[in-house]
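Trainee: Please read through the structure below; I'll follow up with questions.
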Amino acid sequence: MNWASLQGLLSGVNKYSTALGRIWLSVVFIFRVLVFVVAAEDVWDDEQKDFVCNTKQPGCPNVCYDEFFPVSHVRLWALQLILVTCPSLLVVMHVAYRQERERKYRLKHGPNAPSLYDNPNKKRGGLWWTYLLSLIFKAAVDSGFLYTFHCLYQGHYDMPRVVACSESPCPHTVDCYISRPTEKKVFIYFMVATAVICILLNLSEVTYLVGKRCLEIVGPRHRRSRRRSRLHDSCPPYALSQGEHPQDGNSLLMKAGVATVDTGGYP
């Protein structure tokens, strides 16, 4: 698999990502993809060939290997990395769709025509929702694979040196030996830990985006209401309309006095 081309595609998402999104992309390609390609594949390259059992019964080592390793760790992680990066491709396709729509609009109305989007370099409208859903999907994919890994291996992240197998066609309980168990255990813990970190980064970015959007919506309304309340408190009664503030007795007396003086001045 050409992981470099996938990295080139996903690098375009950095333009619309937050700081947490850039950290997530760095963790995926440095601590997950790079470690997987450079080291993990070589560690599990001899997993079935060097899975040796102390019996000469044909088929017994294969059955025992399938019993203890129903799905290869390497293939499971490869599928996980492919699916966890697919949602970012949705953002890339959405951005390409917006750029193509903008290009056709300018060809039709001229290069000086106003842009179709208020902030084309920011996440607004449908692009914001696409980005948010991609974060949720990435967190769900990593969580689903961790749960699958937990169910397949019964929550045992340790890699034993010797396993006992009594599956048919083995004649009796035989001992089978796993190659490089300590090295494999280290990589298992590392891949699980990086997946958990990516989940936390995705959930943190979702919280940040939703909180920021709520502040953008609620903040201006709150400021307008406070401005109106300050204006209401600072204006004198005579500067407001008669329908907003009922007149008290002093104001009525003052108006009556003014009316009397005005009447007395005329012949």
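Numbers run from 1 along the shown chain.
Cβ atoms are placed via backbone N, Cα and C, with glycine included.
Take a look at what TrEMBL says about it:
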DOMAIN    42-75  domain 'Connexin N-terminal'
DOMAIN    141-209  domain 'Connexin cysteine-rich'
REGION    228-250  region 'Disordered'
TRANSMEM  21-40  transmembrane segment
TRANSMEM  77-97  transmembrane segment
TRANSMEM  128-149  transmembrane segment
TRANSMEM  186-203  transmembrane segment
Trainee: Grab the same-chain neighbours of the transmembrane segment (186-203) for me: Cβ-Cβ under 8 Å, and only residues 6 or more beyond its ends, written as numbers and ranges.
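Mentor: 20, 23-24, 27-28, 31-32, 35-36, 39-40, 43, 73, 77, 80, 84, 135-136, 138-139, 142-143, 145-146, 149, 157, 159.
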Trainee: Under 8 Å between C-beta atoms and at least six residues away from its ends: which parts of the chain pack against the domain 'Connexin N-terminal' (42-75)?
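Mentor: Long-range Cβ neighbours of the domain 'Connexin N-terminal' (42-75): 36, 152, 163, 165, 167-171, 174-180, 183-184, 187-188.
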Trainee: Would you mind listing the long-range same-chain contacts of the transmembrane segment (128-149), meaning Cβ under 8 Å and 6+ residues beyond its ends?
Mentor: 16, 21, 24, 76, 79-80, 83-84, 87-88, 90-91, 94, 192, 195-196, 198-199, 202-203, 205-206, 209-210, 213
Trainee: Counting by DSSP secondary structure, give me helix, strand and coil numbers for the domain 'Connexin cysteine-rich' (141-209).
Mentor: 41 helix, 8 strand, 20 coil
